[in-house]
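Asker: I have a structure here, written as structure tokens, and I will follow up with some questions on it.
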């Protein structure tokens, strides 16, 4: 017994190591075990011309125990001791127990002394251990063995019989129908099962026991009265007796195995056909959806309003978010189903699946490419249209704002310019009016830019085909006409004022000088206050340094500004001095400006207060940017290590996938260890993610210390995991193909060496010319037609390349034998016997109903003209399952 069998025996024997000692105290169960175990031992001892009468007495000297083990094992034990002393008996029993232990059976609490002393409980436990090892352990049914295998065998054999439900080895056998069903299944002529009644267990049990003893050479190991009279018959006794049926009918097991092989072939065919139907339906539905969607995406009729275009964009987003993702999954599933089906067909030596015309994977990919092209064009068009409408709305609003401001400014200007107040004004008033008019002219000149902007905006709206261009043009024309009129009126009033201008007084000159210097100085202070209070947004240390430098430059101008302030106040003081000195009657304030010295001093004080606040804000921002720079450097240092590491691992995996070192299992083990080392690198990725989170929280948008972004790292990491998983999957598929085709490791190495040699581009794939050269180097002498046939096998999708998996599939197909087909056809011959045909009734009896009907339906069209009615001959069977060319 090898290690596996030993381990299996130990595992199975573990629950039985105490032999249900408490149950053996039940006299009814002990009686059943005595009779059953005695009969079982005699069924083997009679081959040696002896038997036992009392199971606890006849094994005490160990001689018959050793003889029993020699008969059931077919091996010779050590020479027994012939003395009558107790020590001789113990020695013989120990030899028997040592032989049992050498078969991998763990004997718990069973010693030679108890057997020599006639201990019933220990003797029965020992015999049960022998029965388990030599009668039950080697039973194997559909990947189950020992007790479970025996139970499954009983369930399979009795499944067609009514009133029989085998779930255990005790109460399921009390009515006797289970024993009768086993006999009838294999020898229906021995029992008329239809006359048996469930309510007559004694008759059923005695019938089964008598028939088994008379016709099947199975000794009567049980008493019907003991089984019926016990609430729960002894499980070990039932198992021992049922195992005798299993071994008696073991020859019939070959027919059942043959039927199972046919079932598996039929199940594979049914599954493949269902996959083909699923592919056709899924491909048809997906192509129809693409056909309906593309015209919608190609519609380029623009809308006039932003709301309508935004609704189109929302519809497109719903399509991308809700409608397209399920179709992407369907397309992926379609390709997976297609590849799975092709692999199953190759492994079954079946022709490759060719979808209906227009439903190839390449056709679907082409249609999908057209869909994505239309989708890309539609999205670009939507965005361009929205930008155009946004631009139009922005320009229209800008036009309205500027036009409204201009119209508000011109309101009353014509009436003012038509006044003739200068005719009755004094000299001082004339001077004031003249200066005021000069100020108006300056203001008018300043508004020239606005008028030109209004006209330029109207022109751009016309060029962009704005839907409300007529009203815009009318308003623009009105503004231009009014502007021309203002220009004429301004020139006319200036000429009138200049004619009346006679005297220029010192006060007027000073007022004018004050106004001219106060206004820009006031604007400068207002601008300074605005700049000092302006909220700044910076992203780098250089930007905050630039702001700090600019602020320092501004502070350097403050002394000159203070001198200007004192000069302006000096002009005002000089006016006051002149008024006081010459007693000038001044009516009102400075006519040229409303800026007072008090306002200038107040704003100056405010500027002086804002400067230190700005200093503090810049200092705080500088500290924040220094912190951000440290975060950038920390992230960059890690990213510059992780990024190249991922690239290196990708290149190493690429080399591993085309190199050959050791067996496929060694390569798979190496790849999985490699995958584990990659997965162990994940904490460094997580650490980088944490640093990236800190950068995002700090609102850092760029990093000059590295060219790697977190998105690059994530994509590289995902590609690395995908690549190693795909490489492992390729090696697993190679192992599957090798095992399915019976390819040796040497052959696999030769295939890989040939493939690598002719894979000149080192892409893991050979193009058509490389593949032809490879075949020629391997001794293939073929023309174009033969090479085209081979290419249709290795490249069914017509991609122009041959993968290593397709290469070994082809080579294994060329070199592999037809063991599977021969086994299935041998199974046919077992079922058919000497008739050379199988009747439909025989198929329905040996196969499950659905697979029997499927087999009959598949084979009926191939029946020959001389076939027996209602029967399937050898040729129709082979042609239906494998085609005329395969068998």
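Placed from the backbone N, Cα and C atoms, the Cβ positions cover glycine too.
TrEMBL entries are annotated by machine, without manual review.
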Asker: Among 237-264, 265-292, 293-320, where does TrEMBL put the label coiled coil?
Answerer: 265-292
Asker: In TrEMBL, which of 430-464, 465-499, 500-534 is labelled coiled coil?
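Answerer: Within the set 430-464, 465-499, 500-534, TrEMBL attaches coiled coil to 430-464.
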Asker: How about long-range neighbours of the domain 'EF-hand' (782-817): same chain, 6 or more residues beyond its ends, C-beta under 8 Å?
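Answerer: Distant contacts of the domain 'EF-hand' (782-817): 342, 346, 349, 352, 354, 360-362, 730, 733-734, 737-738, 741-743, 747-748, 751-752, 755, 764-768, 770-772, 775.
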Asker: Go ahead and report the DSSP secondary structure tallies for the domain 'EF-hand' (782-817): helix first, then strand, then coil.
Answerer: 23 helix, 3 strand, 10 coil
Asker: Go through the chain and flag residues at least 6 beyond the ends of the coiled coil (430-464) whose CB is under 8 A from any CB in it; none is fine as an answer.
Answerer: 388, 391-392, 395-396, 398-399, 402-403, 405-406, 409, 421-422, 472-473, 476, 479-480, 483, 486-487, 490, 493-494, 497-498, 500-505, 508, 512, 591-592
Asker: Determine how many residues of the domain 'Calponin-homology (CH)' (31-135) DSSP places in helix, in strand and in coil.
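Answerer: Summed by class, the stretch gives 71 helix, 0 strand, 34 coil.
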